[in-house]
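Novice: Shown below is the structure under consideration.
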Amino acid sequence: MWWIVQALKDPVLVWKFQEYFGIVKVKPGPPATENGNDLCSSNIESVLEIQKMLHENHKVNGDCCAEHIQEKDVLDATKQRKFAHTLKQSSDDLFSSCSDSDSEQKDYEVRNWFWYYAFSLGGFLGSPGFYITFFPFWFWNVDAAVLRRVIIIWTVAMYIGQSMKNIVRWPRPPSPPVVKLEKRFALEHGMPSTHAIVGVIVPMGILYFTSGRYIYSFPLGLFIAITWSLLVCGSRLYLGMHTAADVLVGVAIVGVLMPLMIPVIDDLDLFILSNPYSPIIIISLVIVAMIIYPDSGKDTWCSSRADTVMIVCVGAGVLVGSAINYQWEYIHPSPYPPPYSIVWPTFDMVGLSLLRMAIGLMILLATKATVKWLCLAILEAIFLRRPFSPSLWRQDVAIECTYKFFTYLLIAINTLFLCPAVFIILNIERPLWYTEV
């Protein structure tokens, strides 16, 4: 049995998949000179070393200033703020220039652009950018009751998947032989693929919860859902981010979790909507979940914990916002039982949909900017530190997770509560939104 696992973990299998779909290895350009990558590497190491020393220095100063705050310390802190700001600008410019230099030294060539764009789309369908755009669109323009149930399962599955990564700690497939076309998640562990979890839960969940609610061709819906799932799962191999074992385990998590949760999902959804204590219970569960979240075991900064905070807070915010709407009687059950006929959009409906998206996304962006600024300002006052820069507050798990907790929780609440209220005031709301319980 173990030999099967080892065979599915084989990075050569990933490379064969890439090669089959049109990725060809090429020799990199000429060796870098002192004005090229060698200089970039040495300068980057120097900047990282200075940043580390600066961060440790601030930690020491932060511990001392609680007992001894002198006027000289304030002046020194001001100088350090200026130095940190200058260092950040210099390092950002250096990383950018070196990144541009690296991008010119690609070790692969795309021979089939159809599959490149198809799998790039599949990669997007499992990324945070997808959640930020697709979830609000569906809530504001399609059916909130369907997506709310999907998000309950999605949140639980993603937390399990993210936790398993830090428990199992299997690395990403090495390069070579794999060609890495995507870099963003390279620092995370590989097992299981959370992209695969999203890529199966969202389309299959939507298919299941709409099949008895709306009248449409189920075979067509199944074809779309399977195509969606295959694109996302295939993208993890094509982009060189996961082994076949990672992807299959991600799919297996969904295959086990959905049958367990679907029989109780309606009762759970009704409890969340109707129980006056459900918002407190949900937020408490999120806090406990983040406290017991396993450590990644990596010495360098990793986005795993912060991404998990974002995911569970989006799920919690959606449920809290829905509970507020239900308990304040903004939404109520429809007097007409399903199934319903699908209302195909007219030009006027498309225009209103685009208007809701434009206004709603502006509200969410304003929420993110405001809450992020407020959280960081409060954290600066609490920890007596100079203004945080991303390169430094990312090194502090408490700071990064705290600001993301409040930011994404309120973004999700506003998606379900504030934005629909604004749509009502502007008379651009979707009428059936009131009955989607």
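First residue shown is number 1, and so on along the chain.
Every residue gets a Cβ built from N, Cα and C, even glycine.
Below are the features listed in TrEMBL for this protein:
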- 151-261: domain 'Phosphatidic acid phosphatase type 2/haloperoxidase' (DOMAIN)
- 114-140: transmembrane segment (TRANSMEM)
- 146-164: transmembrane segment (TRANSMEM)
- 185-208: transmembrane segment (TRANSMEM)
- 214-233: transmembrane segment (TRANSMEM)
- 245-265: transmembrane segment (TRANSMEM)
- 277-296: transmembrane segment (TRANSMEM)
- 308-328: transmembrane segment (TRANSMEM)
- 357-384: transmembrane segment (TRANSMEM)
- 405-428: transmembrane segment (TRANSMEM)
Novice: Sort out the residues at least 6 away from either end of the transmembrane segment (185-208), same chain, that have Cβ-Cβ distances under 8 Å to it, and list them.
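Specialist: For the transmembrane segment (185-208), the sequence-distant neighbours (Cβ-Cβ under 8 Å, at least 6 residues beyond its ends) are 122-123, 125-127, 130, 134, 146-147, 149-150, 153-154, 157-158, 161-162, 164-166, 168-173, 218, 221-222, 224-226, 228-229, 231-233, 235-236, 241-243, 245-247, 249-255, 258, 262, 296, 298, 300-304.
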Novice: Hey, which of 114-140, 214-233, 245-265, 277-296 has the most Cβ-Cβ pairs under 8 Å against the transmembrane segment (357-384)?
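Specialist: Per the Cβ count, the answer is 114-140.
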Novice: Cβ under 8 Å, sequence separation of at least 6 from the ends of the transmembrane segment (308-328): give me the contacting residues as numbers and ranges.
Specialist: 128, 131, 135, 144, 148, 151-152, 154-155, 158-159, 162-163, 272-276, 278-279, 282-283, 285-286, 289-290, 293, 401, 404-405, 407-417, 420, 437
Novice: Would you say the transmembrane segment (405-428) and the transmembrane segment (214-233) are in contact under the rule of three or more C-beta pairs closer than 8 Å, pairs 6 or more apart in sequence?
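Specialist: They are not in contact.
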Novice: Express the predicted model's confidence over the domain 'Phosphatidic acid phosphatase type 2/haloperoxidase' (151-261) as a mean pLDDT, rounded to an integer.
Specialist: 89
